[in-house]
Amino acid sequence: MTDLPDSTRWRLWIVAFGFFMQSLDTTIVNTALPSMAQSLGESPLHMHMVIVSYVLTVAVMLPASGWLADKVGVRNIFFTAIVLFTLGSLFCALSGTLNELLLARALQGVGGAMMVPVGRLTVMKIVPREQYMAAMTFVTLPGQVGPLLGPALGGLLVEYASWHWIFLINIPVGIIGAIATLMLMPNYTMQTRRFDLSGFLLLAVGMAVLTLALDGSKGTGLSPLAIAGLVAVGVVALVLYLLHAQNNNRALFSLKLFRTRTFSLGLAGSFAGRIGSGMLPFMTPVFLQIGLGFSPFHAGLMMIPMVLGSMGMKRIVVQVVNRFGYRRVLVATTLGLSLVTLLFMTTALLGWYYVLPFVLFLQGMVNSTRFSSMNTLTLKDLPDNLASSGNSLLSMIMQLSMSIGVTIAGLLLGLFGSQHVSVDSGTTQTVFMYTWLSMASIIALPAFIFARVPNDTHQNVAISRRKRSAQ
């Protein structure tokens, strides 16, 4: 990358900052949830919606981001994404009620949904093909640092300032990024086909109302009749999309994708698997603070080993899959993650706090192996003409399943606990114990899906991918 022009390197820095902002925000909020609840006068059991509102908005908006970038231009959309994300951060900091905070987080989600995919598209357009991998490695590195810094930084700001600062720190970075985008980023456009607005709206309605219905009366206060109505609307919307996409070459996501067995199994496993995994980043800091009495900063520091384990495992995951095959790796890591979740709960409740960093490091390793294996399994056998559509659908499913996972975790806390749990409550640890046991069971369920993956122990993943790209 050293032979790239200075202007191109500056543009890559802009994209990298966007990746950093988006990835930092996915983890920095988790540590602050108990403090937010106290400040806003809410039960900690309701605060999962702060995460859900952001992640669900990202899932809904992702399918439109690439088309908008091609139609309006990458500079215009990337600038808009940064501005919306920054404004959302400002409104989050100014929020005085939970509902105001949820609306502001949704605005952040609109910006976050466009920032990363449009950033990837920008790199593709400004960097020669032979240097694309090196450029993507450069711009995604800050995105890996964000989750590492997020929990500890969030805890530090909450403990020594206030939760508002986890959003306020985005504002100067966002302003600099927006100005730099206007000054340095070229506005590439491409000829686009007509956007599938009908399909987009049907999917958006289906995902949003079903997630809202899942939150149930505990979180939303809706009556059983209203929840049943939401479920009916969501199911009808998704069925209508399936009918709409049948034999429709302009559909948002072609149903031809599901003719590839590994894609179908991988997508189903990714959806179910990330529901379980999505609970962990939300539940762990909440449990450490409310269940065990850790300070926000201490709870944030405890999350760092999990991120380090995840980053370290990425270097050898291809060799692991090549040696043992997708089916064995995915079944083993799914059951292993369930056992590690139980181990974390047991060591924490026994008071063996010195063991927790090692358990969380192991959790990060297992989770990272499973994530990487699920992603490559889902996409590896798709024909070239469906690869882009399949990748977009996988990205949307990843965000949707994470929002559902956090929603279920909040629902479990509400089912087992009272409306107001606290460190002083004698029943609090019992509430968390039942919640962790339920989570471990949910995490183990996708093993039944992965057991149906063809036995490909001797299929070399790296060679297979090189052959596909060469064709």
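The backbone N, Cα and C atoms fix where each Cβ goes, glycine too.
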Q. Does Swiss-Prot give VAL74 and ASN99 the same topological domain, putting them on the same side of the membrane?
A. no
Q) Counting Cβ pairs under 8 Å that are 6 or more apart in sequence, does the total for the transmembrane segment (431-451) and the transmembrane segment (342-362) reach three or more? A) yes
Q | Range from 77-97, 102-124, 197-217, 342-362 with the greatest count of C-beta pairs under 8 A to the transmembrane segment (12-32) | A | 102-124
Q. What stretch, picked from 77-97, 165-185, 197-217, 286-306, 342-362, has the most CB pairs under 8 A with the transmembrane segment (138-158)?
A. 286-306
**Q.** Residue counts (helix, strand, coil, in that order) that DSSP gives for the topological domain 'Periplasmic' (186-196)
**A.** 0 helix, 0 strand, 11 coil
Q. Does the transmembrane segment (197-217) reach the transmembrane segment (165-185) with at least 3 CB pairs under 8 A, where each pair is 6 or more residues apart?
A. no
(Q) Considering every residue in the topological domain 'Periplasmic' (125-137), what is the mean pLDDT value? (A) 71
Q) Other than its close neighbours in sequence, what residues sit by the transmembrane segment (286-306), given a CB gap under 8 Å and a spacing of at least six beyond its ends? A) 27, 30-35, 44, 47, 148, 150-156, 158-160, 348, 353, 356-358, 360-361, 363-364, 367, 421-423, 428-429, 432, 436
Q | Contact set, same chain, for the topological domain 'Cytoplasmic' (363-395): CB under 8 Å, 6 or more residues outside the stretch | A | 62-63, 66, 117, 253-254, 256-257, 260-263, 265-267, 269-270, 273-274, 277, 280, 305-314, 317-318, 320-321, 326, 329-330, 333-334, 336-337, 340-341, 344, 453, 461, 464-465, 468, 471
